[in-house]
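K.L.:
Right, I'll just put the structure down here and ask away after.
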Number of protein chains: 2
Amino acid sequence: MPTSFPTGLATIHGAAEFLSERVAALTDNGFKIDVYAGGELVPPLGVLESAQTGTVECGFTAGFYYIGKMPALVFDTGVPFGMTPRMHTAWMRTGGGLELMRELYSEFNVVQFPAGATGAQMGGWFRKPIDTVEDLKGLRIRAAGYLGNIYADLGAVPQQIPGSDLYSAMERGTLDAVEFVGPYDDEKLGFNKVAKYYYSPGVLELNASIAFLANADAYADLPDSYKAALQSACAETNSNMLATYDTLNVPALRRLVASGIELRSWSDEIMDAMKASSEKLLAAQAAEDPLFKRVHTEWKSYLDEQLLWSSVNDGAAQSYLMNNRG
Amino acid sequence: MPTSFPTGLATIHGAAEFLSERVAALTDNGFKIDVYAGGELVPPLGVLESAQTGTVECGFTAGFYYIGKMPALVFDTGVPFGMTPRMHTAWMRTGGGLELMRELYSEFNVVQFPAGATGAQMGGWFRKPIDTVEDLKGLRIRAAGYLGNIYADLGAVPQQIPGSDLYSAMERGTLDAVEFVGPYDDEKLGFNKVAKYYYSPGVLELNASIAFLANADAYADLPDSYKAALQSACAETNSNMLATYDTLNVPALRRLVASGIELRSWSDEIMDAMKASSEKLLAAQAAEDPLFKRVHTEWKSYLDEQLLWSSVNDGAAQSYLMNNRG
């Protein structure tokens, strides 16, 4: 099972190892899944194609890496101003999302299981304060995939740079800002030494859902109990990865703040502009892509219902607690 | 496997059925768990004792039903102004919570697995508006277990009444208010016909975590792959139950509102008073119960860290979305 991730992303790559261990435990070691980090066996962004052609039996990746092949796959991972991990899981398990995603992936001859969640990623590291949309103009920012489109729409110049080269690009000054993941992963790359301002909240990425993809023919050949093992192990991995991030991110954030960086919240102007840009881009894609439109409509309907419920109950209760900490 | 729940609580009881089905699927039907609704095999609140003595091999219940035996078990289920489902899962999986809970349950010769989450429950149904703490004085409210202590502290008169008798008690006027679960379950009992005001947010119960309990000797005798099946199936059940509630609660809430009830938010005065009362009661219990104190200290420390993280990132992003819906 190749992943799209370097071992340095210990929580995401570690989730692939966790999944493999759980499947082995569930099957008395009968079903062994060998994990290969991004690039070891196939290129990091070649995981879908490798599983599709049967070069590998399965892979551990994220749908939004393949929006060049099918834009609607972005909904499998996460969309700016989109679902929290809880909403995404609810959509997948009981809201029709899984059936829809499996329909999309069936075009690639693979079967998908949600198998990981990052939670909200941070807004990123900036060398200068970003107070207004004007401050984004011309900004060279590393913003992967779909997020880059929004930054471009707002006048920034998104860069696609591998994670391993980000620190030196920031240090040399060929890059002005970097959106990577969150405190635990960001700290390891040392961004606090090359950028002072760390922005939140991660409205552009409230979650990234990780996908386990099995070649459909290989999957069909599995005994029923092995199929069941994949389903339950992926569900457990999904919970465990988010839990791992939640536990590790807090002390990492404390260390980063103690190192002298400045934690800042996006202004309403910035968030409003990002939201407007995101909606414009989604509408534009939907206008030219009927499949994207269908998925977007279902996704948006579920999101709106969950935001309503959250604003009445769970989210409102959580807001009270956040505003009255201690 | 007896549960503490009636079949009428379709989502909670259904989670026990789901768990049984997943375990069967994972073991080629080798490991069969027969589910019995509350009272069918043993009394609803006798599940822990039955699993402890080995009358049954396992049970599906909630720790806070047994705070008479050990007050610290309340932390296994949920505490007012406590953890969201996500925080609770993170505490259990990577924050030391599971080890602590298993230590508590080992006193009862059972092994615990978290196996369900309700999400936040609603504040409840009231026949008169509740604007101030004064409005709670003398109020006869059905509030189960730990929540009843807070209402009593605020001057209300909590009542312990089985779910099946609640509607008639409200109709007859022997009860003024009822805290039950949330829209999906509440609608089925018809509370909208006997009370006009439906309060949120559920700050007294941001989550109720359901516990699968296995007799420790029976568990020790299981083959390793069956133990693994219990772990992964419980994890999947945990996610699935919350997802089920999230999907079902929204249309139920819409129907309730359409039926003419008035959805109201607790005033800050009420929530502040509830929070102060909750903290007072927790401190009082901790002062006389070293085990409770130890668990409370660890629990509170983890909660505070997660609230900090949430207020920086995930919760702040979600708040923006809730405040800018549509």
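The backbone N, Cα and C atoms fix where each Cβ goes, glycine too.
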K.L.:
Which one of A:Glu99, A:Glu103, A:Glu205, A:Glu236 goes with A:Gln121, A:Arg142, A:Glu179 at the substrate site, as TrEMBL has it?
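P.N.:
Substrate site check in TrEMBL: besides A:Gln121, A:Arg142, A:Glu179, the record includes A:Glu205 out of A:Glu99, A:Glu103, A:Glu205, A:Glu236.
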K.L.:
Compute the mean position of the Cβ atoms of A:Gln121, A:Arg142, A:Glu179, A:Glu205, which form the recorded substrate site, and then list in sequence order the other residues of that chain whose Cβ is within 8 Å of it.
P.N.:
A:Met122, A:Gly123, A:Gly124, A:Ala143, A:Ala144, A:Leu147, A:Val178, A:Phe180, A:Val181, A:Gly202, A:Leu204
K.L.:
Tell me which of the binding-site residues A:Glu179, A:Glu205 sits in the most Cβ-dense spot, judged by other Cβ atoms within 10 Å.
P.N.:
A:Glu205
K.L.:
If you measure A:Gln121 (substrate binding site) to A:Phe180 (Na(+) binding site) at Cα, how many Å is it?
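P.N.:
A:Gln121 (substrate binding site) to A:Phe180 (Na(+) binding site), Cα-Cα distance: 8 Å.
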K.L.:
List the Cα distance (Å, whole number) between A:Glu205 (substrate binding site) and A:Phe180 (Na(+) binding site).
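P.N.:
Distance between the two Cα atoms comes out at 11 Å.
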K.L.:
Rounded to the nearest Å, what's the C-alpha distance separating A:Phe180 (Na(+) binding site) and A:Arg142 (substrate binding site)? Just drop the number here, would you?
P.N.:
8
K.L.:
Compare all C-alpha positions of A:Gln121, A:Arg142, A:Glu179, A:Glu205, the record's substrate binders, and send over the largest distance in angstrom.
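P.N.:
The two farthest binding residues have Cα atoms 14 Å apart.
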K.L.:
Report the same-chain neighbours of A:Arg142 (substrate binding site): residues 6+ apart in sequence with Cβ closer than 8 Å to its Cβ, ordered by sequence.
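P.N.:
Correct list: A:Pro158, A:Gln159, A:Gln160, A:Ile161, A:Leu166, A:Ala169, A:Leu175, A:Ala177, A:Val178, A:Glu179, A:Phe180.
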K.L.:
Would you mind checking how many other C-beta atoms are within 10 angstroms of the C-beta on A:Gln121 (substrate binding site)?
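P.N.:
Neighbour count, Cβ to Cβ under the 10 Å cut-off: 27.
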